[in-house]
Amino acid sequence: MALTTKPHHLQRSFLSPSRVSGERYLESAPSCLRFRRSGVQCSVVAKECRVKGVKARQIIDSRGNPTVEVDLITDDLYRSAVPSGASTGIYEALELRDGDKSVYGGKGVLQAIKNINELVAPKLIGVDVRNQADVDALMLELDGTPNKSKLGANAILGVSLSVCRAGAGAKGVPLYKHIQETSGTKELVMPVPAFNVINGGSHAGNSLAMQEFMILPVGATSFSEAFQMGSEVYHTLKGIIKTKYGQDACNVGDEGGFAPNVQDNREGLVLLIDAIEKAGYTGKIKIGMDVAASEFFMKDGRYDLNFKKQPNDGAHVLSAESLADLYREFIKDFPIVSIEDPFDQDDWSSWASLQSSVDIQLVGDDLLVTNPKRIAEAIKKQSCNALLLKVNQIGTVTESIQAALDSKAAGWGVMVSHRSGETEDNFIADLSVGLASGQIKTGAPCRSERLSKYNQLLRIEEELGNVRYAGEAFRSP
């Protein structure tokens with residue numbers, strides 16, 4: 001059978017996420033769409049910059065819960081999906097759920113979908129997608145609440161992400177380049193991946209109180225080498241865990257890390273050291289932790305490291321001062337370079353005390369919730385020295401970029417992050433490169449919703465060629 005030549009627009013090579021002909025989509029709205037990828041090349045004829053349509057739907061995330069997906073149509077279709085967290089900060093923008101316990105246990109997002117299709121979509125028709133800040137401001141005005149509770153942050157974010165992709169497509173540049181230009185970032189930098197290889201806390205069914213035990217290949221010379229190092233340590237760790245705890249202990253948590261049934265957090269760190277050494281990367285791979293301490297903070301100001309077992313005898317309850325001493329012991333005994341959320345989101349004094357006594361990176365997640373106001377307060381109180389950037393905590397691309405810029409201006413590090421409930425959407429990979437954040441965490445080198453981000457970073461590095469890897473300078477790339 002003779003081969004026919006594909007139309008020129010289907011031959012082009014694109015890196016960033018999916019799009020199809022917008023006109024064809026509007027005419028027939030087929031259930032199965034042929035995609036081409038937005039970003040790397042652009043035709044001689046300028047692409048249409050105006051919104052012609054917006055369509056939202058309910059899809060399912062990696063934990064089996066509903067989430068929002070948004071198609072935005074110009075000449076092409078740009079699709080984005082919204083993540084969701086398990087351990088969420090009380091100051092995050094509101095994730096709108098339906099609350100009907102008879103449908104998806106109350107976790108449906110049909111109201112958020114309705115808000116997009118009936119309230120947001122009509123307002124965006126004819127809007128120029130290259131003006132990200134203007135589009136986001138329009139949605140914030142339409143919502144009119146401090147925490148995006150009218151439309152839902154998950155509704156607003158889905159549209160905002162698709163607008164950003166459409167802006168890149170309209171300009172004929174990769175998504176990461178569009179983000180670089182939008183944010184005013186001088187140099188593109190490949191981030192150090194923080195692989196979450198042991199899961200605890202709210203992400204796993206074991207007894208570990210602390211949520212994430214991560215490895216950071218700071219000694220690599222490229223992202224691809226860093227990924228190889230992380231993958232090899234991950235598989236080495238699996239062998240160690242299988243030998244020590246049995247096959248069942250090799251089951252993975254929400255983010256692809258192993259969840260061995262150990263309670264002693266120090267034991268988790270020893271497992272990492274053993275795997276790093278056995279894989280041959282001692283000195284080249286450092287350790288990071290996400291404690292997620294708000295999950296086990298008690299009303300009396302203490303912290304229960306056995307919070308998963310209720311009731312318990314209180315033997316593992318520590319004061320904030322004792323918990324800080326435990327962190328300092330960990331830092332002394334292990335090559336730890338980063339600790340996230342070591343204390344509760346409102347325990348400002350404990351944050352500041354630890355910050356003044358250690359020289360590692362202290363990352364604010366629940367403390368900051370990617371909110372410029374919380375960031376400003378933390379800068380004033382000298383509570384931490386790095387931002388965990390989660391786009392769904394704040395709800396728009398514009399505010400996410402501003403949070404990163406404010407943090408960098410204060411001399412902080414910026415770690416772009418996924419959520420435990422993820423999709424195949426890989427926006428944050430381009431975001432990390434475009435902002436030159438220097439570091440990203442998006443789970444273990446396992447589970448497709450995690451690898452979609454890492455694989456996108458491999459593609460970006462391949463396309464950019466001689467691009468700098470943040471390495472040891474991940475805090476200030």
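Using the three backbone atoms N, Cα and C, a Cβ is placed for every residue, glycine included.
Values in this document were obtained by computation on a predicted structure and should not be read as measured data.
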- Which one, D274, D313, D359, D365, is listed by Swiss-Prot in the same Mg(2+) site as D290, E340? D365
- Query: What's the CA-CA gap between E255 (active site, proton donor) and K390 (active site, proton acceptor) in angstrom, rounded?
  - Reply: 15
- One should report the C-alpha separation between K390 (active site, proton acceptor) and S476 (phosphoserine), rounded to whole angstrom, as 19
- In three-state terms from DSSP, label S476 (phosphoserine) for me. coil
